[in-house]
Structure formats: C-alpha cells, structure tokens
Amino acid sequence: AEAIVFDGVERAVAQDPRMAASLLRLHFHDCFVNGCDASVLLDDTATMTGEKTAAPNANSLRGFEVIDSIKAELEFACPCIVSCADILAIAARDSVVLTGGSAWQVQLGRRDSRTANKNLANNNLPAPTSDVPTLTQKFKNVGLSQEDMVTLSGAHTIGKARCATFSARLQNQPDPTLEKVMLTSLQKLCFNGFSNNNSNAVTNLDMETPLTFDNEYYKNLPSGQGLLNSDQVLYSTGGSTRNLVEFYMQNQDEFFHNFKISMMKMGNIQPLLGKHGEIRRNCRFSN
C-alpha cells in the first residue's frame, strides 16, 4: 500500500513540483481539526458543510485530485483497507522525501471521520498573520510544543503562498522587518500599481531553494526574508524561537531529525481507532 501511495505522489510531484508542499499541508490542515481523520477531504453535502470552504482552506488547499487517484488505486488493489487519513500521512512523508528531506516510519491505523467541522477549521488553524504567542497557543491546543511549532514551520522551505496571506505586511507602513528588495518585488507582484488586485498571485515561501527540503527557510529569516508574518516573527521576536531558528540554520541534520519527530507527533493527534470512524471508499464522502 505504501508503494502505491509513493508512486502516486512521485507522479504528481514530477508533473507539478509544488504539489509536494500542497500534500504536506493537507495533512497538517487535517490533523489540526479534530485530529488526523481526513475530515479535510470531505466535500459539502446537503446536511454537512465541510472544511474546504473554511477561510484557511478556501481557494488555497490543493492536491485533492492526487489523493483521489491514489485512493482509487488502493481500492482496486486492496479494497477497504487503507484509510484516507493514512493516505494523507504517508503522502506528507513521501513529499518531504521526494524534495530532499529524510524519511520516517508512518504509524498506520487511523480511521476516517464521517463528518467535518468548518468552524473548528476557522478557529484551530494557525494564521499567517499570527504572532509567536498565538502560534504557540494554537500548537499547544493540539498537544504540540513551541519547539514543534518552530520545527514544523520549517516545512515552508518548500511551497508557495498567496499575496492574500502576506499583503498586510506590504501596505501603509510596511513591516520594518521585511527586507527592502524583497518588499519592493512583493509590492510589484501583489499590487501592480493598484490596491490589492492580485490577492491570488503566488510566490515562493523560500526564495533561495524553493523546491528543495532543506534548512534554507531558517537561513532566510535573519535578513528579513521570511514571507509570512508567522515565519518572520520566529526570528524577529527573539527569545527561545530565535534560538531554535539559529540552531537549525547551523544544523540541517538536527532540523531533519526533529522535523521527523514533530511530524510523527502531529500525525498522532487524536486518531480515530478501532471501531471509531470508518474506512471511506471515496475520500470525498462518508460511506
């Protein structure tokens, strides 16, 4: 089963390199809302509003079709065995490996929820505009430490973000922590001389090595090249988060090691086990 998932992720990432980050993010946005139960994959129905239209997810989450096609292959090979929640956990790991990060053993056995929760998605997910205390609290709410938060933020070594997520840093009195050349190019990208017209334009979270899973994300922060406020504050606020950023800048192996541990912790948030939940046949709908 893991080989089928890997092949599906590998094909998708070969076709669209950005997909690695998108699949990693799907698992994160799943786990922070009622645990890793694949609730994020459920489409809206007449009786239930799913999480796809929640503010952090709408017009932003990607990769649903990749998960659908992996699920279809698994249902053909071994029907009703591999849950959608487990597919998300494996795909997240494979995305890290395919972009240059280290592998870890994914614990399997999660089951799929029958419902989703849009309100919780709106409330539980960390926002790109957040400060360190808020980020720390959102992670603490799901049993993850501040160290986990700084470590998992390093996933922004790959992937892109929309202007909508950082444009507040560019306007009026621009964020003084933002490096000046980067500020100018982002203003061009997002505003084009008008106000807020390109909110869906995207740019790389890691401007240096955007397709490689490495520790470059941390190296970009001292010079003010964190894209999101939630990235830059890890360094600019000082204190224990800055200490860890500086440690990871010097020690990529330690970052990789801690990232694996934090991912395993995140993948273990409130899983549905045993008789709870179900194994969905189609990840978009409960059986």
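Each residue, glycine too, has its Cβ placed from N, Cα and C.
TrEMBL does not curate its annotations; it predicts them automatically.
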Quiz prompt | Candidate sharing the Ca(2+) 2 site with Asp206, Thr209, Asp214 (per TrEMBL), from Thr151, Thr157, Thr165 | solution = Thr157
Quiz item: Between Cys84, Cys163, Cys190, which residue forms the disulfide that TrEMBL gives for Cys283?
Solution: Cys84
Quiz prompt | Residue among Cys80, Cys190 that, according to TrEMBL, closes a disulfide with Cys163 | solution = Cys190
Self-check item: Across the domain 'Plant heme peroxidase family profile' (1-287), average pLDDT on the 0 to 100 scale
Solution: 97
Quiz item: Nearest to Cys84 (disulfide bond) by Cα distance: which of the recorded positions His29, Pro126, His156, Thr209 is it?
Solution: His29
Exercise. For Thr157 (Ca(2+) 2 binding site), identify the closest of the recorded positions Arg25, Gly35, Ser39, Cys163, judging by Cα separation.
Key: Arg25
Practice problem: Counting Cβ neighbours within 10 Å across all chains shown, tell me which of the binding-site residues Asp30, Asp214 comes out on top. | Solution: Asp30
